[in-house]
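K.L.:
Following this message is one structure expressed as structure tokens.
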Amino acid sequence: MRRILDLGSASAWTVGSLSTEPGTATFYPAAWHQTTSLIAQLCGGDIVRATDALLLLVTAVVWPLGLVLLVRTCTSAGPLGLAATGLLSSVSLAFPMAPSSFGILLPYTLAITMVPAALTMLVQLLDWNDSPSPSRSVLSPRQILLLVPPVGIAVALAHPQAVPTLIVLGLPIVLWSTCLRVARWGEGIAARRAAVIALAGALAVFIVCGRVWEFVRPARSSAGWEPTSSVPEAIGQTLSLQTLGGSPWRPLGLLVIAAALSTLLLSRDGWIVASWVWAVLLAVVGLSMRDLDYRYVNTGAWYSDINRVMAVPVIAAIPMLALGLDAAARALARARVLPRTAMAPVAGVCVILLVLGPGAWTPSAAERYRHEYAPWWQNQGLLSDDECELIEEDVPRLVPEGETLAVDPWDGGALAYALADYPVMAPFAIGHRSPEVEVLTHRL
């Protein structure tokens, strides 16, 4: 962001030139940086405040609204399901907490918060429900044609890894839609024609997505993250919406499974379960697969980075939790096990307990989770409070203005450029550096 403010240019190539040889540039997904630099200009050039403001906007506003949009326009959920979707949007540590605490994933965080909107366009485009419920909002073909291009471009430009994310979550939806149309084969000539078109379209989509998958997957050398869990641990972490290194919480995992069954058996929205299952398999492979070639084929598009891969199942899991709760409450009301007037209070208590999580049960559990997860939002691994004070107060006092600092970017010294506006020899942790700069940054 500091480079953008200095040069007055926020193009993707300007951002990409920060880690390349002088005079050369490469494309870098810069939507996050462009937006943040604009906010920084509006708030006096304070990069930290601009970053925090945008992070709060996308995680606390865009993310829950996108999930509610998906549930509102593409499912049969009623007011209870919509309310639960918004409340549950922050129940998982895998997203948005984990990527938000690791700075290089901020563009990825922006892209993932917009994926629900892209999935909404896909479901509307494949609309197979001839009798939507009163709570379901169906877009017209003209509205879909107008919305699909800008939504797709915005998501892809925010971060290219949103594309394989959409493939993982979208292909099961395409397959679900195709199967439903084929199941109507015996309903007449029009139904058979629709089934043939759906089969041909699905085949074309799978072929194109296969090509895109290979294209967006970086070189094997970029996928350097190793598996960290056994298969049972990976399944437990994924089902309980945990992040890398998190302890599986069985009550939440069981509730997620119950929500999947409830959605599948008691509603017409089983497509979200199909997307979730596929994403869970992807996450389990990323966490536990020891066959690195197979793991690279499946997760290499995310550099096999578990922090990125673990965010994918959350996109489907949260709407599924809300739909499962809504479907179960309706079933109980129809069976007169639960009076309709009691649906909202009972469901509200369930959602509150789910949001509060394991810390609501015992003091020991609360203490353990504070110790385990506090670092996610109080991370001082790159820059401690004392080091931040050194950069912001002592560097301007001790170093003449305009002097270039020799820093090691891996210990946070490169942030002197962003925080104190002092040029540094190595502004980025990776990328091109001359041999002389390598000596100064790593051996002094």
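Every residue, even glycine, has its Cβ placed from backbone N, Cα and C.
Heads up, here are the entries from TrEMBL:
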TRANSMEM  53-71  transmembrane segment
TRANSMEM  78-98  transmembrane segment
TRANSMEM  104-123  transmembrane segment
TRANSMEM  166-183  transmembrane segment
TRANSMEM  195-213  transmembrane segment
TRANSMEM  271-289  transmembrane segment
TRANSMEM  309-329  transmembrane segment
TRANSMEM  341-361  transmembrane segment
K.L.:
Need a quick answer: max count of Cβ pairs under 8 Å to the transmembrane segment (104-123), which of 166-183, 271-289, 309-329 is it?
P.N.:
166-183
K.L.:
Can we call the transmembrane segment (53-71) and the transmembrane segment (309-329) in contact, meaning three or more C-beta pairs below 8 angstroms at a sequence separation of 6+?
P.N.:
yes
K.L.:
Ranking 78-98, 271-289, 309-329 by Cβ pairs under 8 Å to the transmembrane segment (166-183), which is first?
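P.N.:
Between the stretches 78-98, 271-289, 309-329, 271-289 has the largest tally.
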